[in-house]
Amino acid sequence: FSNTYRMIEQDDFDIHTRLHTIVRGEDEAAMVESVGLALVKLPDVLNRLKPDIMIVHGDRFDALALATSAALMNIRILHIEGGEVSGTIDDSIRHAITKLAHYHVCCTRSAEQHLIAMCEDHDRILLAGCPSYDKLLSARNKDYMSIIRMWLGEDVKTRDYIVALQHPVTTDIKHSIKMFELTLDALISFKKRTLVLFPNVDAGSKEMVRVMRKKGIEHHPNFRAVKHVPFDQFIQLVAHAGCMIGNSSCGVREVGAFGTPVINLGTRQTGRETGENVLHVRDADTQDKILHALHLQFGKQYPCSKIYGDGNAVPRILKFLKSIDLKEPLQKKFCFPPVKDSISQDIDHILETQSALAVDLGGTNLRVAIVSMKGEIVKKYTQLNPKTYEDRLELILKMCVEAASEAVNVNCRILGVGISTGGRVNPREGIVLHSTKLIQEWSSVDLRTPISDALHLPVWVDNDGNCAALAERKFGHGKGIENFVTLITGTGIGGGIVHQHELIHGSSFCAAELGHIVVSLDGPECLCGSQGCIEAYASGIALQREAKKLHDEDLLLVEGMSMKKEEVVSAAHLIQAAKLGNAKADSILRTAGTALGLGVVNILHTMNPSLVILSGVLASHYVNAVKDVINQQALSSVKTVDVVVSNLADPALLGAASLVLDYTTRRIY
């Protein structure tokens, strides 16, 4: 609050000139006016001082005025703590000073790399560490308890109090005030003694102080609110705290020297390197999230971090200063190396699982599920699929809204909606072009628009066979395989083709209609209107048709089988009869397996995949028959291809989720 000079005088420095440049107001305009006022006053001072080198520290707006004046007056500038990354206007100011400065003292290896990547001359950069660490790492005060009691009260114990220090974010003042309010609410609920320091003088600070007073923080029994703590005492307070919370650079930098747990709120320090003691709450948008972070961090003790220094920065800086040749040209040199990124914890990875809403439109059931990035079905909803378009769309929206609401309760962040449906689909537009006869009133249907409008989420739509292939590519046998084919053996026969790691849709979105490969010119009629398709032999509907024929002729049931009078004959009865020795049922299944095998041989000769995956409820009954046909009918060059049964419990839902998760993965990583 403009009184730092008193600390400088206490250290026995002579101050040559004092400039009053801070314009009161604590808003954006006041910051600009303060810089302007400093620019007006500084030239006269610099002309009188005629310094050889101007040392400029940090990233404050007043430092920018000093660096600008010195650069325009051809005074060499040494900038301390450049090259670091944070999340506010300080970033821009810090990098602007870097471009004005001639010499640089940085604190971390990444900061050094950033300076090099910003075109600064490597020979004019010193990696010294943070000067404050020289004091931090040598700070030993046996009487620290008296300091703690002086600021927090006689009854306070070490590791049982909190230090809170939060500043406005000048690029988003409204949000930072709201975040400060949520922080105070969380601290009040946490019920621990807390030392709250007033915010700095940046734009938005007055509003934050009003929030403190509105909540009665200065008079609350659990809080002590102060404007300033001397540095030596502040060191002891954070060194023995149970936790520090806020958005000050002190939390992510200096406090690491003591291993004190830190909760960094919002984006003000985004990008700064941190030790493992720092937990980020970048979307600090609820009191519960901040409170959860407090429960996670409070009272822990982490290893001391020396990311920002080893205690020997000052001797290095002095040596660097003495090495500067005042006769060399001021003109800067440039180079263009790469930038390294920093990695740290994030509260969202602890609290929320990135997930997708998966929708499976089957002939009988309509299913919606919350599916995690790892393929875990967190929650699933099932309803009968309505017969009309209006009822079906209404039910999809209702189930999706319900699932999206529930996702919050199970700590899942929904990234989008993936829909798997039968029929021919235009995935680019999210439109079902033509449907199978199993799903009525389902042609020329725009699914993307109404669902996206209702949920405010991106929506992807694809054919169920393609979705099964995507599920295998992300979670199943197809993971890491460049070329493979998936065949679904269920109510119908479908599939998907992955070539060079990409799904093939075809010119009219009709690729991989594998169920309609013709294997006999005079075979049974298929639902598509043709004859002899694989689906007409090997689908669940085809097997049910043959089972009914046997049942009508009293040739289905054998010893060990029984059926209730009202029970509907199904493919399962045919399979059971075959297992119990019914020769006719066994012959039908062998014929179906042969038809499927011939279809697979055609696929091998056309696409030459390295893997064939059989998926669906009938896959295990067909796999051996398919392998036999390949050995008998396929060219020798493809006989060795692997044919496996899918190990995925729910490929339709996992495939629908993959539509979302694959896209999201590509965008983020």
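A Cβ is built for glycine as well, from the same backbone N, Cα and C atoms used for every other residue.
Keep in mind that TrEMBL annotations are predicted by a computer and have not been checked by a curator.
Taken from TrEMBL as is:
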- ASP464: active site (ACT_SITE)
- ARG424, THR436, ASP464, GLU513, HIS516, GLU535: N-acyl-D-mannosamine binding site (BINDING)
- HIS516, CYS526, CYS528, CYS533: Zn(2+) binding site (BINDING)
- 4-322: domain 'UDP-N-acetylglucosamine 2-epimerase' (DOMAIN)
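Feature map: TrEMBL annotations on the structure.
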{"residue": "ARG424", "record": "N-acyl-D-mannosamine binding site", "contacts (Cβ under 8 Å, 6+ apart)": "VAL432, LEU433, HIS434, SER435, ASN463, SER508, PHE509, CYS510, GLU513"}
{"residue": "THR436", "record": "N-acyl-D-mannosamine binding site", "contacts (Cβ under 8 Å, 6+ apart)": "GLY363, GLY422, GLY423, GLY492, LEU527"}
{"residue": "ASP464", "record": "active site", "contacts (Cβ under 8 Å, 6+ apart)": "ASP360, LEU361, GLY362, SER420, THR421, GLY422, ILE488, GLY494, ALA652, GLY655"}
{"residue": "HIS516", "record": "N-acyl-D-mannosamine binding site", "contacts (Cβ under 8 Å, 6+ apart)": "CYS526, CYS528, SER530, CYS533, ILE534, GLU535"}
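When the Cα positions of ARG424, THR436, ASP464, GLU513, HIS516, GLU535 are compared pair by pair, the longest gap among these N-acyl-D-mannosamine-binding residues is 16 Å. In this structure, of the binding-site residues GLU513, GLU535, the smallest number of CB atoms within 10 A of the CB marks GLU513. For the recorded Zn(2+) site, residues HIS516, CYS526, CYS528, CYS533 set the reference point as the centre of their Cβ atoms, and the other residues of that chain within 8 Å of it by Cβ are GLY515, VAL518, LEU527, GLY529, SER530, ILE534, GLU535, ALA536. Confidence for the domain 'UDP-N-acetylglucosamine 2-epimerase' (4-322), expressed as mean pLDDT, is 89. The Cβ neighbour count for CYS528 (Zn(2+) binding site), using a 10 Å radius over every protein chain in view, is 15. For the binding-site residues given as CYS526, CYS533, the lowest number of other CB atoms within 10 Å of the residue's CB is seen at CYS526. Neighbouring residues of the recorded N-acyl-D-mannosamine site, listed in sequence order and excluding ARG424, THR436, ASP464, GLU513, HIS516, GLU535, comprise GLY422, GLY423, ASN463, GLY465, GLY492, ILE493, GLY494, GLY515, CYS528 (Cβ within 8 Å of the Cβ centroid).
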